[in-house]
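Novice: Pasting a structure here, questions to come.
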Amino acid sequence: MMEPRASRSLRPLLSLLLLLGALCLPPALGLYTVNAIYGDTITMPCRLEVPDGLMFGKWKYEMPNGSPVFIAFRSSTKKNVQYDDVPDYKNRLSLSENYTLSIRNARISDEKRFVCMLVTEDDVSEEPTIVKVFKQPSQPEILHQADFLETEKLKMLGECVARDSYPEGNITWYKNGRVLQPVEEVVVINLQKTVDKSTGLFTMTSSLQYMPTKEDANAKFTCSVTYLGPSGQKTIQSDPVVFDVHYPTEKVTIRVLSQSSTIKEGDNVTLECSGNGNPPPQEFLFYIPGETEGIRSSDTYVMADVRRNATGEYKCSLIDKSMMDATTITVHYLDLQLTPSGEVTKQIGEALPVSCTISSSRNATVLWIKDNTRMQTSPSFSSLQYQDAGNYICETTLQEVEGLKKRKTLKLIVEGKPQIKMTKKTNTNKMSKTIVCHVEGFPKPAVQWTVTGSGSIINKTEETKYVNGKFSSKIVIAPEENVTLTCIAENQLERTVTSLNVSAISIPEYDEPEDRNDDNSEKVNDQAKLIVGIVVGLLLVALVAGVVYWLYAKKSKTASKHVDKDLGNIEENKKLEENNHKSET
């Protein structure tokens with residue numbers, strides 16, 4: 001059945017009346033909310049089903065007084081979009097074909113009630129949407145920090161500032177991670193909130209006045225801002241801050257600074273005095289043994305090249321003498337007195353008492369060294385011998401004191417006049433005889449051989465090594481007749497002469513055996529059979545020698561005589577040679 005023409009002509013008017021009536025209706029109690037982040041795009045879908053016969057769709061928002069402000073229109077037939085001339089939303093709106101409204105660059109002022117309207121010829125449908133805008137604040141900072149805090153004094157610690165928040169947030173103070181609660185005259189917190197009229201964003205500022213204790217010296221202070229975000233409540237923490245807490249000195253301490261654990265004479269010693277306050281005291285009074293008044297100095301006092309009289313008690317105090325500390329210093333010392341010392345010259349056979357006296361601050365060890373060899377006992381000389389000469393060192397060390405060692409030297413010289421002993425023997429081949437001049441003396445004597453009568457000097461000699469003031473000079477001769485040999489030994493002290501008669505080679509001689517010293521002595525075999533053989537051999541040799549000597553004695557009346565130390569006069573020597581010659585004839 002066809003609708004009358006008059007009814008069709010009234011439809012636009014009816015739709016307009018319905019729209020005007022809808023504008024006058026009270027706000028719908030819509031619960032749909034869109035949460036938007038400040039600066040992002042707000043997207044609001046029109047949650048109405050598109051009806052048949054839709055003519056157009058519109059978006060509006062409601063003023064605080066309830067009056068509507070249209071902002072966007074879209075025709076369903078002509079597909080054209082129109083945006084109302086609303087300054088706050090100029091160039092920010094976008095309305096899609098499904099009537100979803102987008103608002104770019106969300107602002108705090110966009111937090112409103114928006115309504116989607118779909119209009120047909122017969123009806124107007126509306127669906128409200130609540131827009132909530134959120135802005136996370138900046139990380140809180142502690143500004144205007146105090147240079148230092150003082151115990152027993154309430155002082156402004158700083159201000160915690162969190163900027164550009166929406167909605168407004170709240171600030172909390174912490175010390176070492178624990179919440180600081182207000183305490184009268186100890187913890188005073190004031191919170192202020194300001195809003196930027198151009199943006200609608202909040203800035204929160206919380207000041208903290210605090211009275212610290214000594215234990216707050218290394219405490220970490222932080223603050224946090226708690227704010228509401230799209231997903232609920234959140235918190236942002238500030239960076240920690242440590243304050244320099246000043247507190248008075250309650251104790252002073254004196255210390256000895258030294259390169260080693262023990263102090264010895266000659267060391268440099270530094271005394272250090274410190275106070276446990278903050279800031280620490282810069283000046284102190286040092287009390288030195290022997291000084292009646294304290295010496296004003298910085299936190300250190302230096303003593304150079306200390307002596308044993310520096311041993312004693314040392315103190316330091318604050319300038320006002322309110323508190324004091326003490327320590328004891330022991331300066332270790334070591335004295336050594338060697339008597340005699342240096343270079344000492346003595347004659348052989350003399351006595352020489354030697355003493356090494358030690359004076360020290362604690363037990364000391366004593367060591368004797370002779371010619372770089374450690375001695376088992378200290379030297380003692382009741383009758384000096386040549387082997388006693390040498391370089392003696394008395395060395396002492398102080399136990400447990402590093403570097404404290406003393407030593408003194410005795411250079412002992414043992415002098416003696418030359419002493420001579422001559423021996424002779426016929427060699428086993430009976431072709432020569434060996435004459436030995438055994439010499440003892442210091443300084444080493446020079447030896448010269450002469451033949452008495454002719455006065456000729458024998459240069460072909462052989463000397464042993466000079467050891468402990470002794471050595472030997474040896475010659476080998478084959479005389480065809482009896483001769484007298486003279487050995488002359490001379491040093492700076494004296495000249496000594498000894499002569500010895502030597503028979504012709506045809507007459508065997510086994511005079512006194514050579515002296516055996518440490519260097520020239522032959523090793524004796526201690527086997528029993530060898531000893532027996534040697535004894536038997538000596539008896540046979542003695543028997544033969546006795547017979548030969550008896551025969552020889554009958555021929556010659558002259559025996560070998562020991563000549564005085566001086567050469568004697570030439571006449572006596574000539575007579576001795578003549579007598580020997582007559583006897584041989």
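From the backbone N, Cα and C atoms, a Cβ is placed for every residue, glycine too.
In TrEMBL, annotation is done automatically, which means it is predicted and not curated.
Residues or ranges marked as domain 'Ig-like' by TrEMBL: 128-237, 248-330, 349-411, 418-498. What TrEMBL records for 1-30 is signal peptide. The transmembrane segment annotation in TrEMBL covers 530-552.
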Novice: Taking every residue in the domain 'Ig-like' (418-498), what is their average pLDDT?
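Specialist: Within the domain 'Ig-like' (418-498), the model's average pLDDT equals 90.
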Novice: How do the residues of the domain 'Ig-like' (248-330) split into helix, strand and coil according to DSSP?
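Specialist: Secondary-structure composition of the domain 'Ig-like' (248-330): 3 helix, 40 strand, 40 coil.
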Novice: DSSP on the domain 'Ig-like' (128-237): how many residues come out helix, how many strand, how many coil?
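Specialist: Final tally across the stretch: 5 helix, 68 strand, 37 coil.
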